[in-house]
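Marked as active site, proton acceptor by TrEMBL: Glu336. Taken from TrEMBL, the feature Zn(2+) binding site applies to His335, His339, Glu358. Feature annotation from TrEMBL assigns domain 'Aminopeptidase N-like N-terminal' to 38-230. Under the heading domain 'Peptidase M1 membrane alanine aminopeptidase', TrEMBL lists 265-491. Residues or ranges marked as domain 'ERAP1-like C-terminal' by TrEMBL: 570-844. The signal peptide annotation in TrEMBL covers 1-24. Taken from TrEMBL, the feature site 'Transition state stabilizer' covers Tyr421.
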Amino acid sequence: MITPPSGVAGVLVTLALLASGSMGERERSLRLPNATYPLFYQLHISSDIHKGQLLFSGNATIDVAIRQSTNEIVLHAKNLTDIQITVHRLAAEGSVIVDDLTHTLHPTAALLIIHPTVNYQAFVEGQQYRLEILYTAIMTSRPAGLYYMDYRDEENNHTVYVAATQCEPTYGRLIFPCYDEPGFKSNFSIKITHGSSHSAISNMPVKEVLAHGDLKTTSFHTTPPISTYLVAFVISDFGSISETYRGITQSIYTSPTSKEKGQVALKNAVRTVAALEDYFGVSYPLPKLDHVALKKNYGAAMENWGLITYKEVNLLKNISSDGYKRKLDMITQNHEIAHQWFGNLVSPEWWTYTWMNEGFATYFSYVITDLIYPNEKMMDMFMTHEADSAYSYNSFFDVHPMSHYVEGEKDIMGVFDIISYKRAACVIKMFHHAFRQKLFVRGISHFLEKYRYSVANELNLFDALQSELQDDEYFSLQPWASRISEIMLSWTHSEWLPILVVTRNYENNTITFSQRSVHMKDELWWIPINFATTQSPNFEDTQVDMFMPPEPQYTVSLEDLKIQVSGRDWIMVNKQHTGFYLVRYDTDNLMAIARQLQTNHSVIHPINRLGLFRDLGPLIEHNEIEQVEVVFELLKYLEFEEDVLTWNQLQDTIDCLTRNLHGTSSQSLFNEFVRRLVGPTFRRVYVEHGVNLAEDGMSHGILEIACSADLPECLEYTRRLAKEHIIDKIYFKDGSDYHAIIDSVLCMGVRYLSDQDFQRIIDMMQEIDRGSVYYDDIIYALRCTQSHRHLLYYLEGLMGENSTHMVLSEFEDLMYLLYIYKSNLASRPVIWQYIERNYKVLCRAPNFMEHFKQLAGFVPRHQRSHFERLRQTIASHMMQEGLNSNQTLIEANSPLVGKKMKITENFQDKFEQQIHKWLLNELPQASSRSDALLSASLSAANGSSRPQGVLKEATRVLRSALRIVDMYR
């Protein structure tokens, strides 16, 4: 047990736990009452983690002010044991022990309630009390509260144990009794007693270290007011490297042998803190900022004030580390550094406003990094890593407004999601541009200064912005200038994002704006709009020209907007796509934009070119486009498009068109059209520039488009890389950041294997460790083959009754079959053939009924009779064998059969003839499908060392596959 702090008079009073039915066990709010408030914490933790002992003891001495007379003081405590409490009433003349108190634990709400043994208002408004709470607890291996990890010291041949904290969002209560809500900010004086072989670091610099035997007690300077979720300390034997700039010492802490790997992170941290100080005009208030590389951490990093913890893979790197991962890690580090202002200096009043922490840290980490490293194109990375996710967030997830009230621990964890990070970042970006960047930053700076060391809510933020706009000579004259809170609330309290429809009336020179939610929800926004036109193609000035009010429809004249355009001119809104909404134009305006793209696409900003296809994507996907020809007219210019992000955005659109045209007379024509578009860019990026896939990380969309359309150079490129990986065992760089790239390369590289190469890989797999990542890579890649016979052999070998490569469980078999069906269009007739051959085995699986129902959703109408016969055969067999008697096989006439093909079939009915005619006009010398595919496949083998006989065999296999696919159409 820890000895109470010296100087505290009185006798220790142990407070007993009340019996069942006490006041602690009544129904209670999960929120702390506001009757009391913590003024000051003295926290002393003792740990023998250096010996591998997980038990730790604590003394939390808390000075508490009584705001309103009450019969209880309520704190949070969870999984703390051996609790002993002494309560003193503090007064000018000294302190007096209050000895008629006891305490109750409320496990459901994780509350520690101190109250009189006989109920009365023991705590009087205006008084102050000191709670001295002794307790013990056990560290866990999970990064929550005080947790432990270990690493192997190879030099001294022993295991080293390390302890670290993770208090956000509600884990402080696992370390010490506290007011564990962000709105309760207090000063902390922290002491750590630990083994002499280890050292301790915390939020503030070390004040003194006292040795006693084989232990040391490290005391730290008192913190400024902070929320409990930011309290942090680490007990370790780590070494460090440091640099001091502008009076702030920054250090990288690592295991002793890894110190030099922190050099890159240290230099970046020093530059970023200085840049943030300069950008916002608000100084970093602490004398130091530590960055600690841990084997385990909750998430990639945690922004504790003055002591940021990271997973070591996100902080440490060799000088030779590839550029792509280096940029990702830089953003991770700068996100946490930005939190030192957003969340630490000013904290959210409650978790309702988590987005005020995470959204600002996310967005400004990119802004600052882009300013420091202008050649790295960090705002492009924002588009791919943040905005793309924010735009695609859909009903498969728990959608909620940015400002979203929660109470329980699980619900609080739930607000740390795409909405609070990515959507909020996009909304902040929108107003950063709409309100003019410098003015917006001034408003944020005043907000940070006003609420420094305190807490705030969204209205406090909006008021700060309101003051700046009303002081501005231009904005103060705008009709919406006094309604900033109303404008902002329309975004922070809506669940979805708006679609803005821009319809020009070419006769009376007006524009009608219509808005609706992407999910038809009854929501309306104040939408910031700006304009670029043929006669004024200025995309650089992104401040707002007008706000569309929260009305379904709003018409304004071009004269009122001071816009000059002729009938054939184009108008575009949402310059640089800074506004977080989708835009749809009338067909005539889209055609005008297409003409501009074909004449000189560089007139339109690259991000607006990207935005065009992002906005059109849902229309194409849901067959809502008015005239499909306009889509192809917009696509035509792409053979001159060099912007990688635009190509990445296009991938979904081209995939959708490919899927919808599969099996039609337009399929080969469309592939040839795509090859014409993507060929120049693919050759520039992959052939002429020789891009390093692992280091680039942003251009593999080009590769997938090119190979899916059978561009010969792409097939050769991926075939070579796949051969190096699979046959020569020259492995790709490992890591989660590269899994998508590796999969793309291997998938495309095995699309057209010869029988000989396919068999060679199958033979190799007999010798490979089936638990290895290498084995998984090959198994997963082979799903992409376009050969009917190879696919059938693959399915039989992977999942058949006599499987020789069994790596999936019985439950996973059908799930994977469904995945292949969705992802490889060539597999669909093969999979039905496989089911026809193996239904007697497959129907024994417990999940067969559900997955067969899902597969039935993809039955095209021309295969309906075949499906009905197969379904009847399976049903008869299952009845005969008494299988799954408590479930029913989907009926042949169920509306679910073929349901997922309806959009594709409707697309074909509505547009295929128009597309075919357009493609024939555009490609007058178009080759047939078989010849185009065959040519691409054979060209992919150019330069190969394969014998001529293998190429002939490849030709035969491909022709065979094409004939079989045709049979199933």
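From the backbone N, Cα and C atoms, a Cβ is placed for every residue, glycine too.
Small disclaimer: the values here were computed from a predicted structure and weren't measured.
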Report the same-chain neighbours of His335 (Zn(2+) binding site): residues 6+ apart in sequence with Cβ closer than 8 Å to its Cβ, ordered by sequence. Ala301, Glu303, Ala361, Thr362, Ser365
Whole-number Å distance between the CA of Glu336 (active site, proton acceptor) and the CA of Tyr421 (site 'Transition state stabilizer')? 13
Taking the Cβ of Tyr421 (site 'Transition state stabilizer') as reference, which residues of that chain separated by at least 6 in sequence fall under 8 Å from it? Glu358, Gly359, Thr362, Glu386
Sorted by position, what residues of the same chain at least six away from His339 (Zn(2+) binding site) have a C-beta under 8 A from it? Glu303, Asn357, Ala361
Other than His335, His339, Glu358 themselves, what residues in this chain have Cβ atoms within 8 Å of the centroid of the Zn(2+) site's Cβ atoms? Glu303, Glu336, Ala338, Phe342, Gly343, Asn357, Phe360, Ala361, Thr362, Ser365, Tyr421
